[in-house]
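Colleague: One structure, pasted below without further comment.
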Amino acid sequence: MLSTAAVVFILVSVTFALPSDFKLPKLKEAGTQWALLVAGSNGWGNYRHQADVCHAYNIVRGHGVPEEQIIVMMYDDIAYNKENPNPGEIINQPGGENVYKGVKIDYRGKDVNPTTFLNVLQGKEENVKGIGSGKVLKSKSTDNVFVNFVDHGAPGLIAFPDEFLHAVDLNIVLDRMHDNKQYHQLLFYLETCESGSMFSSLLRKDYNILAVTAANSTQSSFACYFDTKLRTFLGDLFSVNWMQNSDNRNLNSETIDEQFSIVRKETNKSHVMEFGDLAMNQLMLSNFLGSEQNNHIVLDAPNPNLDAVPSEDVDITIQRNIYQAAKEQNDKKEMEESWANIAAIMKKREETDSIIKQIVSLVAGDWNFREQYQMLTGENDLFKLDCYAPIVEHLKDSCGDLDLPSNRYSLKHLRIVVNLCERPYSTDAIISAIDKVCV
Ligand SMILES: *[C@@H]1O[C@H](CO)[C@@H](O)[C@H](O)[C@H]1NC(C)=O
Ligand SMILES: *[C@@H]1O[C@H](CO)[C@@H](O)[C@H](O)[C@H]1NC(C)=O
């Protein structure tokens, strides 16, 4: 705070000290905006992540951020998915308009991965040559950058279709971007489970970066807007809330803080959090989302809280809703199918629980029930990153039954790895227990 005040003071005094014929550049010309929008998942059950990102594209584009300065990474398997009754269309609210229309995707399919994401952030054009559109952030020290990532997460990591991005690796890159003067200010909106853990005690407070997350370090984020016809969820609670707010307000007169307060209140199933340079809260949203008038007609939207479910319950809720609808129609075949799907999901969950319990029992000792209980139920914050990251990678590579990185029910269990790492067990002991269980 003090340092910001000092900077403002210095700027003011420098201004007065300038010769009178020196013209300061107008604010609008002082820098341009860049946006990097990423959906880290694939599959029809994750429809909502790509829908959110398409909507975000419409917001920044609609507010005048040029196409060349928006980079989109999304798998792109939704619009023309065989499950899509409206080919070529993606919607982000019930009865909503097609948000897929006009979206320019730069990296799709396998190119949606952490390596490419970090290269794009750092403007490393040579590293993405021949990959996707090859577009990277070319932001300068006077430019503002908006990053929006939507997908699954777990303590200290966010997921891409086949790989994890660990919190440390992201924060190292943000530090480097700062050192290389690749932005003036950077706003990061993150919607994943346990999203707070990507920045908590990692993001610097003096690097002109503000991160807003859908949840704190130990909570799920929530899906919303189940669509009976599409048989999937259309949005995520935090994302839908900030984007509907952006659609309805004048971004030239609404500060980040105003949006944060409104969205935090509306997203009342998880704690929306802020990290980094909180002084940036006083900036107008137009500094990041674009300052032109969006002449777009906004449809009324139903309350997204009403059917919101935690991310790990999305698959089972979809099947339950299908079952319920089939029952009302007396569609026996569909009832049987969805019932079988529910049974399969339940069985898979039991297998996951069992794998994790066996690992904990091997590490803590068969007889040590109290210790096992603490491992299984504890809610420690993640500090032992050197222990956690390699173990999570090992689980992903050697425990195929857990379906990492994409299965949210398994991702939720990574909390137990946090607990194991907080206790005095060596990484080797934990890895050898994993090897015994996951053969
Ligand atoms: C996160 O939210 C949960 C649920 O409200 C709470 O129990 C937990 O203490 C919170 N953790 C942090 C780090 O704020
Ligand atoms: C959350 O907000 C919705 C309105 O968006 C309201 O209907 C609901 O009661 C709130 N829940 C809690 C726990 O405050």
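Each residue, glycine too, has its Cβ placed from N, Cα and C.
Caution: TrEMBL annotation is automatic and unverified by curators.
Relevant sequence annotations retrieved from TrEMBL are reproduced here:
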ACT_SITE  His152  active site
ACT_SITE  Cys193  active site, nucleophile
DOMAIN    341-438  domain 'Legumain prodomain'
SIGNAL    1-17  signal peptide
Colleague: What mean pLDDT does the predicted model reach across the domain 'Legumain prodomain' (341-438)?
Modeller: 95
Colleague: May I ask for the distance between the residue listed as 'active site' and Cys193 (active site, nucleophile), taken between their Cα atoms and rounded to an integer number of Å?
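Modeller: A Cα-Cα distance of 6 Å.
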Colleague: Could you tell me which three-state DSSP class the residue listed as 'active site, nucleophile' falls into?
Modeller: coil
Colleague: Which residues in the same chain, at least 6 apart in sequence, have a Cβ under 8 Å from the Cβ of the residue listed as 'active site, nucleophile'?
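Modeller: Listed in sequence order: His152, Gly153, Ala154, Ala215, Gln219, Ser220, Ser221, Pro310, Ser311, Glu312, Arg408, Leu411, Lys412.
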Colleague: Determine how many residues of the domain 'Legumain prodomain' (341-438) DSSP places in helix, in strand and in coil.
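Modeller: The breakdown for the domain 'Legumain prodomain' (341-438) reads 75 helix, 0 strand, 23 coil.
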Colleague: Have a look around the residue listed as 'active site' and count the other CB atoms within 10 A of its CB, chains all included.
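Modeller: Its Cβ has 29 other Cβ atoms within 10 Å.
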